């Protein structure tokens with residue numbers, strides 16, 4: 001049975017606070033760089049912010065339009081205006097707080113309530129509202145937060161002097177990636193049927209697997225950028241093309257319109273640059289092995305290349321620290337990955353895979369009970 005507890009509500013409030021603080025930190029860091037005369041870094045940070053905001057507004061409005069199809073068009077006009085001024089996420093938080101407050105504080109707990117019971121309907125509304133927010137936060141994490149983490153690490157390696165606002169930006173980027181990935185996984189378990197509960201050990205294992213592998217990869221890409229910006233851009237473009245092509249071959253059906261579907265596949269291609277996501281919900285032992293084996297080979301190649309390149313732009317002691325940290329995080333990330341998929345992944349304890357094996361494909365769509373947008377979304 002669906003649950004939306006007081007703890008979920010307080011986490012939702014915390015998410016709003018972190019979102020607002022994150023916006024403030026971005027503009028604070030950008031203004032600091034601008035005042036120091038480093039206009040390119042300031043513009044780059046604001047571009048990441050603007051791009052992620054634009055994409056999330058487009059998806060958010062499209063989901064509102066699909067959910068409210070056939071309803072009052074005046075409401076959709078107001079929703080469109082809010083999204084036009086990049087305030088769509090706040091109206092989503094408002095709906096989530098509205099339904100979440102009712103589900104957590106005003107409804108009586110009834111373990112025998114049927115699926116058609118009004119209380120269960122409100123709980124489902126609250127869970128779906130939070131699910132949509134977490135899906136948008138995943139987009140934001142890889143369109144804005146992860147690239148910003150890359151920029152901050154690159155600046156840190158390039159310059160001898162660091163400032164408090166750089167550490168603040170680095171901390172907010174790490175926290176943003178961590179909480180978005182964890183909240184996404186929690187929403188996934190709540191929203192899809194036949195999923196096991198996400199206990200504390202599962203949460204930390206998944207969190208460390210994603211955080212360590214992503215951070216290690218960002219560190220290695222930052223080192224490559226120090227060697228050659230051109231080679232780094234070419235590598236990232238090549239990885240995006242590979243991810244986008246793989247997504248095309250999966251024939252995803254996440255969006256109703258073809259234009260939105262191609263935008264979705266473009267975003268997935270960007271996500272696949274930094275971390276592995278299973279967009280079909282099928283067994284991916286082979287794919288995930290190839291993915292992280294490739295990341296390992298490229299990371300080692302970057303480190304060896306940096307050793308022989310002998311650049312003076314980065315001090316030797318700093319390079320040693322970054323190299324050790326890159327390898328350590330990669331090894332730890334892969335260890336947590338193996339532990340998660342062997343002991344905490346839904347397939348480790350649940351052998352009935354009717355839902356898990358067919359999530360985003362055309363087959364099975366008619367027979368499956370609609371629960372949320374996550375049935376057509378990314379699967380870890």
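A Cβ is built for glycine as well, from the same backbone N, Cα and C atoms used for every other residue.
The transmembrane segment annotation in TrEMBL covers 9-29 (among others).
Among the features that TrEMBL reports, transmembrane segment is placed at 76-95 (among others).
According to TrEMBL, the transmembrane segment annotation covers 165-184 (among others). Counting same-chain residues at least six beyond the ends of the transmembrane segment (165-184), those with a Cβ under 8 angstroms from any Cβ of the stretch are 11, 15, 18, 21-22, 25-26, 28-29, 32, 134-135, 137-138, 140-141, 145-146, 148-149, 152-153, 155-156, 203, 206-207, 210-211, 214-215.
Outside the transmembrane segment (204-223) by six or more residues, the chain places 146, 149-150, 153-154, 157, 174, 177-178, 181-182, 185, 232, 235-236, 274-275, 292, 295, 298-299, 302-303, 306, 319, 322-323, 325-327, 329-330, 332-334, 336-337, 339-340, 343-344, 380 with a CB less than 8 A from a CB of the stretch. The transmembrane segment annotation in TrEMBL covers 204-223 (among others).
Summarising the annotation, TrEMBL assigns transmembrane segment to 229-248 (among others). Listed as Cβ neighbours of the transmembrane segment (229-248) (distance under 8 Å, sequence separation of 6 or more from its ends, same chain) are residues 221, 265-266, 268-273, 279, 298.
Beyond the ends of the transmembrane segment (260-277), by six or more residues, the same chain brings 55, 58-59, 62, 138-139, 142-143, 146, 210, 213-214, 217-218, 236, 239-244, 246-248, 252-254, 284, 287-288, 291-292, 378-380 to within a C-beta distance below 8 angstroms of the stretch. Per TrEMBL, the feature transmembrane segment maps to 260-277 (among others).
Sequence annotations record features per position, and here TrEMBL assigns transmembrane segment to 289-309 (among others).
Sequence-distant neighbours of the transmembrane segment (321-341) (same chain, 6+ residues past either end, Cβ-Cβ under 8 Å): 157, 202, 205-206, 208-217, 219-220, 223, 288, 292, 295-296, 299, 303, 306, 314, 348. If you look up TrEMBL, you'll see 321-341 (among others) marked as transmembrane segment.
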List, by number or range, the same-chain residues at least 6 past the transmembrane segment (9-29) whose CB is under 8 A from its CB atoms?
45-46, 49, 89, 93, 96-97, 100-101, 103-105, 130, 133, 137, 145, 148, 165-166, 168-169, 172, 175-176, 179, 183
